[in-house]
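Per TrEMBL, the features are:
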TRANSMEM  A:12-31  transmembrane segment
TRANSMEM  A:36-55  transmembrane segment
TRANSMEM  A:61-81  transmembrane segment
TRANSMEM  A:93-118  transmembrane segment
TRANSMEM  A:138-161  transmembrane segment
TRANSMEM  A:193-215  transmembrane segment
TRANSMEM  A:221-251  transmembrane segment
TRANSMEM  A:263-282  transmembrane segment
């Protein structure tokens, strides 16, 4: 066995998995606080990536100015969606809310096609192009630097949720909405904050993934692939999303390299099927017990 | 700002739609004879819209041009289309609607899936000859699809032309090695088995075969496989842009001197516009002259003049435009031959007329006279990107497969 090849493949997979973890985090933050499964997460990623294209390409801003602007734009979009379209659905069945998010996804695709057209796009190059070697192992520079940027945001998030007032409010609301409300936490504001933070993580991942693989109005489909990550990790577990994201990224890449590209998805869905049979609430998800 | 970020394709679609509507609505003032209807399921929206808007513009402009030339044997031409969103069910619905209210001798299908789905109905009706966006090998099977043709070489034949070119590029009597990279779709897999057989027959070793998801994907692991296989040529199929750019950039970063090639839908100027300098040296097989090539000819000049007149601001017209125009040219030739032979415009008669096309001068759209072979036109040329000039330039003669 070529261990160098295995090492290089694993590195590439782990780095890509880091980006999956970031998207998964966006999914989980929203679900954990609001119990809404956001099927529009991929399209929010896509929208942020198109914003980056407009800022860095069309308006010729520095990519390092365009990146935070695009990410902020994506997170703002998440906040607006929550306020205008999700909040009125409070108290409705979860299926209705899910359908609304699917509708939002379609609207975003339409908006993007109207503004930017249907042509596939490449983002202006902004990550270093010099090959990265870890020992003798090669790692594509876009993946390596994308992973580092994503990891930096993950660390900021983890610190924020652990130590800040907003983070504590978010965790408290996720644990028990009624108790949080009775303790004076503005639960509605927390809901909005969750959409803003979730969309922010997804937006950054969107720009980084689009910088690697290109962009088109169908880009949002990647959000559904990441659904596997959050189901495996547990829909309401941040740690689960991080671990499952990295694992699924690695598995997908190794399966693609050794079995062929057509086995990437079957490999991850096989894991999903096994997890659903033995731990339907995911590896780290909350096992809710209902007593009759 | 808003105006500046509107894509050129959308403007063309808008203008094309208005022009099509005008053509469709206009009474046959120039000629007294019944109009001949060109029908079409056209993907103006959805995943194939980037090409659909240009196909539509090509068909629309050709209709304008042929009517300015007196139509087909004095019959005016009417182009009737519906947007399908590149969805098979909507394409089928459009076909039924258009053929239900018009007599449609020729029809544009927007996908291989639609053309296969509609085949049995097409065969039982026997009224309509169909071609379209697809160059699928299966559609050139006369037994199963006797009423459908492809407007150029099929994908297997494109691989044949590419391999013929690669075979001439060996050094010291050795044949170059090749790797195939294709998307995990029916489109992507189409020519692979036949391509491998053809390569083996020609003594070209296929050192790697990589299949990826279509569209936006990370291919760094696949590039690592290429680093070990070190092919002289990589042939892409089943993509429009990504991940071709990533393979090229990353393999060059690794110091490989591999050359990169692609088939029809991977060989538009989009590659140059989006990749810039990184696209330099990329090669594609193309059955038609590029809109901005140095080539000329009466029909190519007419195409350029009509395109310029219909939308003076559009500038370069993509290969989809050329494809739409050429489809309509073949329809015209087939209808004309059938009428001249005194036969009815049935699918069978028109298919016979198509098969009779031999050494046909396309007026510069294709650089050499072409002969129809098994419902296709197996001809093409290899073009290479000159990034500095921002265009493709020919690097081979025209190759006509037997």
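Even glycines carry a Cβ here, placed using N, Cα and C.
Small disclaimer: the values here were computed from a predicted structure and weren't measured.
Contact between the transmembrane segment (A:138-161) and the transmembrane segment (A:263-282) is not supported, since fewer than 3 Cβ pairs fall under 8 Å when only residues 6 or more apart in sequence are counted. Contact between the transmembrane segment (A:12-31) and the transmembrane segment (A:193-215) is supported by 3 or more Cβ pairs under 8 Å, counting only residues 6 or more apart in sequence. Counting Cβ pairs closer than 8 Å to the transmembrane segment (A:61-81), the top stretch among A:93-118, A:193-215, A:263-282 is A:193-215. Within the chain carrying the transmembrane segment (A:221-251), a Cβ under 8 angstroms from the stretch's Cβ atoms is held by residues 10, 13-25, 27-29, 31-32, 37, 39-43, 45, 154, 158, 161, 174, 202, 209, 265, 267-269, 271-272, 275-276, 281-286, all 6 or more beyond its ends.
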